[in-house]
Each structure stands twice: as C-alpha cells, then as structure tokens.
C-alpha cells in the first residue's frame, strides 16, 4: 500500500453509529477506510456486510483499553500508509439505567473505556496524523447535561481555557475514587457516569486542539468533539428518534472538512453546528425553532 493513499479509521465500528460512519466514509472519502472493532469475528462480519453493499472497507482489530492492541494498529498504519489522515474515535460503552452493576463499578468501567481508552488512542495516533488531517471525538450532549449538574467549582475547572491534560486526568480519576467512597454527590459530581466520561472526552478534545495549534500550527489539522444525537443503537435504545445513519452525519461532516477549511477546531459540534461548550442543550437556538 502506498503512503500516498489516504486513510480514514473509525473505532468501535462493527455496529451502530460507528458502522454507519464507516459506510458513509466508504462512499465519500477519497481513500481507504479502516473499520476497527474489539471482536475480530464481529468486525469481519461488519466488513462483509458492507462488501455486500459494494463497498470496500478494510478491517483491523482494536481494543481501545489495550495498549498493545493500539500499538499494533499504529504499526499497521505506519507500514501501510505512513500515517493517518482521518481518525474518528467512536468506541464507547454505557450501562442501561436498570443495570444492577454497583454504581462505582459502572463508573470505573465506563471511565476506563470512554475516557482513558479514547485518550490512549489519541496519545498513540495523534503523532501519526498527516497535515490537513481530521480528528473527530464522538462525545455527547449527555456530557453537557452532566457538566451542568456538577458544582460551580467543577464547572469552572472543566470550562477553563488553560486546564491541562494532567489536571483533567486527575479529575476523571477523582470521580471514580469518589464513587468508590460513596461521596461523589458530596464532592459536586453528576450522577451520570456516562455523562462525566463524556465531559472528559469533550474537554480532552479542547486540550488536544490547543496543543495542535501550538505545536503543529502549519499542518492545518482540525480536531473537534461532537454529539451524534440520541440514536437507535444498543446503547441509545429503541425509543431514540434518530437512525444510526442520521447520527453519523455530524461525525462524517467533521471528518470530511475540506482541506482549505480553517475551522471548526477545538469545538463542540452537534447537528453540524458549533455550540458553546457548557451551554445546556435546551438552550441551543435551533432546538425550539
């Protein structure tokens, strides 16, 4: 494979929104599209399904909580393509409301995948992103809701323009510890484990965008967080109003921003629109339009 061939990669892509993103990228992206999944059999089955539609994704195994798995993917991308043009971090988990797993265990497992896993992928793959590359971190307005349920002190920290990656990791670890000690409400946290992890993903995106601006200004890489909306998936449930295909629209829009685009960068985007970080979803100007 020539290093001149462009390549896009989607994590957690064997079903749901990730699968729909891969399908759209296969149709619209000028280059190879790599579908990744933790489970090889499910990932390969997803590739076969898309091949039956006349599309040609590639498959590579990826478990975002396994550093060895991430590094094997890095080696593949370096060898086959000399880097990466588009990264969509979609892999995530959520516990259903009626799940009997103890709250602190839910917090630990959700944080391990949604925040720490996404961070590990970014740590390893961002250095491979080529000039004019695009990075999309799939977050959620559930993170915005959770932010608005946090104490003013925590909100101030998460909205800070100067928060560091180390400070953010410390806060995410503190949330998990506070749930173990039964004091997370007393310490000012939301009750939504999923929401808190998505606060982390959104703030991490702002931090990485800032670093790219400072360290690789001439490369015109654009990195954003987005919310696909409430989507009918295993995670979103059958009552959600959006199909996975509609949910894929905003991530794909950000993944395919034209090469001469100056933005958005470091923003939170939903319905293809930039919204101010931390503003409650009910206040988005088009919600009641």
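Even glycines carry a Cβ here, placed using N, Cα and C.
According to Swiss-Prot, the feature phosphoserine maps to 2, an assignment based on similarity to another entry.
Sequence annotations record features per position, and here Swiss-Prot assigns N-acetylserine to 2.
If you draw a 10 Å sphere around the CB of residue 10 (NADP(+) binding site), it holds 34 other CB atoms from the protein chains shown. Secondary structure at residue 10 (NADP(+) binding site), as computed by DSSP, is strand. Residues or ranges marked as NADP(+) binding site by Swiss-Prot: 10-34, 63-64, 90, 194-198, 231-233.
Taken residue by residue with DSSP, residue 96 (glutathione binding site) is part of neither helix nor strand, so it is coil. Counting every protein chain shown, the number of other Cβ atoms lying within 10 Å of the Cβ of residue 96 (glutathione binding site) is 9. The glutathione binding site annotation in Swiss-Prot covers 95, 96, 97, 106, 193, 194.
Among the features that Swiss-Prot reports, substrate binding site is placed at 140. For residue 140 (substrate binding site), the same-chain residues that are 6 or more apart in sequence and have a Cβ closer than 8 Å to its Cβ are 194, 195, 198, 227, 228. Secondary structure at residue 140 (substrate binding site), as computed by DSSP, is coil.
All protein chains shown were included, and the count of other CB atoms within 10 Å of the CB of residue 194 (glutathione binding site) stands at 21. According to Swiss-Prot, the active site, proton acceptor annotation covers 194.
If you look up Swiss-Prot, you'll see 239 marked as N6-1-carboxyethyl lysine, on the strength of similarity to another entry.
Looking only at the binding-site residues 10, 15, 25, 30, 196, the one with its C-alpha closest to residue 96 (glutathione binding site) is 196. For the recorded site, residue 196 (NADP(+) binding site), the DSSP three-state label reads helix. It is 196 that, of the binding-site residues 20, 25, 30, 97, 196, has its Cβ surrounded by the most other Cβ atoms within 10 Å. When the alpha carbons of residue 63 (NADP(+) binding site) and residue 95 (glutathione binding site) are compared, the span between them is 18 angstrom. Note: the Cα of residue 15 (NADP(+) binding site) and the Cα of residue 95 (glutathione binding site) are spaced 17 Å from each other.
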